[in-house]
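Sharing a structure with you now.
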Amino acid sequence: MTTNPKPNKALKVKKEAGENAPVLSDDELVSMSVRELNQHLRGLTKEEVTRLKQRRRTLKNRGYAASCRIKRVTQKEELERQRVELQQEVEKLARENSSMRLELDALRSKYEALQTFARTVARGPVAPSKVATTSVITIVKSTELSSTSVPFSAAS
């Protein structure tokens, strides 16, 4: 049997747990500064110091995790609100777009009718065989309204 030339000093200087350590609540342990913590840890055994530091680290991590959860939920709610808002705006713009397309189609139809009318007026008298079968515009001249312009109406 061999003996260890260096005796374990931790066994010689053994203190009772809690002998010098005042009891710290979780809130106190988390909220105190490192300097304050080190002052409280003076005179404690390595095991007690390790246990208190580990407990402090665990409590702080719990706080950070709770904070992250709250932040994540808040961000998710904000993104959901923005998504709904943008979806409503897209639907509104789609309705406006549809309305404008209908208006554009109506204006295009009127424009084409006016162009057709302008071409027939520019050609002069049209022979009945050359009249387009898809659209017919009738111009009526009245002797009473010879000095005023003739009202025009085209089917749209």
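Placed from the backbone N, Cα and C atoms, the Cβ positions cover glycine too.
Values in this document were obtained by computation on a predicted structure and should not be read as measured data.
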Have a look at 51-76, 129-154 and point to the one annotated region 'Basic motif' in Swiss-Prot.
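Based on what Swiss-Prot states, region 'Basic motif' spans 51-76.
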According to Swiss-Prot, which residue among S25, S33 is annotated as phosphoserine?
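According to Swiss-Prot, the phosphoserine annotation belongs to S25.
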Suppose you had to name the range Swiss-Prot annotates as region 'Leucine-zipper'; which of 34-48, 79-93, 94-108 would you pick?
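In Swiss-Prot, residues 79-93 carry the label region 'Leucine-zipper'.
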